[in-house]
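Look at Swiss-Prot and you will find 28-199 tagged as domain 'EngB-type G', backed by sequence analysis. Swiss-Prot lists 36-43, 63-67, 81-84, 148-151, 180-182 with the feature GTP binding site, giving sequence analysis as the kind of evidence. For Ser43, Thr65, the entry in Swiss-Prot reads Mg(2+) binding site.
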Amino acid sequence: MTEEQVLNTHNAEILLSAANKSHYPQDDLPEVALAGRSNVGKSSFINTLLGRKNLARTSGKPGKTQLLNFYNIDDKLRFVDVPGYGYARVSKKARAKWGKMIEEYLVTRDNLRVVVSLVDLRHEPTQDDIQMYEFLKYYEIPVIVVATKADKIPRGKWNKHESIIKKKLNFDKNDHFIVFSSVTRDGYDEAWDTILAEL
């Protein structure tokens, strides 16, 4: 799929939630996984890209997404919302279970084309953010880093924050880095163009 192909992003729905591969959709539609720590703005990112307010439920309670949520977009591709990581109030046992579920999907899923790894532009990446990026690089899974909540920082400081994040991640210059805001829609076109180019 290329950027030129028409994609009706408003024609989107949540398809199913899955705990393991036996529940995954059984077809060959390309998938884009979205990963990031709890409350990084993943649901807002999905809703903004799809032009819907409440398709992905935003929550004041981090760690609410406990399954892989598959979103069908115009019967041409799927977004897969991965459980938010790094939330302290979730038990170690639950975190380990989520970790195994996420790893199984990322490593074994043939449909997966690219992972959008979301980080918060305001803060240095956490150890969890760094581990996720290193994991994706180790398994040679294509990755796009999206730095969310850009509207919370003056535009003149974006480059400084971007540099800090890239340094902490040991960012591969061949990967894409997008500064994004679900409030101002900064990064919207770049995000879609970059995602579609990977399909």
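Cβ from N, Cα, C; glycine included.
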Using a 10 angstroms cut-off on Cβ to Cβ distances, just flag whichever of Lys42, Lys149 is the loneliest among these binding-site residues.
Lys149
Would you mind checking how many other C-beta atoms are within 10 angstroms of the C-beta on Phe180 (GTP binding site)?
26
Where Lys149 (GTP binding site) sits in the secondary structure, as DSSP reduces it to three classes:
coil
What's the number of neighbouring CB atoms sitting within 10 A of the CB on Gly36 (GTP binding site)?
26
Determine, from DSSP, whether Lys42 (GTP binding site) sits in helix, strand or coil.
helix
Work out the three-state DSSP category of Gly36 (GTP binding site).
strand
Residues satisfying Cβ distance under 8 Å from Leu67 (GTP binding site), sequence separation of at least 6:
Ser17, Ala18, Ala19, Pro83, Met101
In angstrom units, rounded to an integer, how far apart are the Cα atoms of Lys149 (GTP binding site) and Ser43 (Mg(2+) binding site)?
12
Across the domain 'EngB-type G' (28-199), what is the average pLDDT of the model, as a whole number?
89
From the Cα of Gly36 (GTP binding site) across to the Cα of Ser43 (Mg(2+) binding site), what is the distance in angstrom?
10
What is the number of other Cβ atoms found within 10 Å of the Cβ of Ser43 (Mg(2+) binding site)?
22
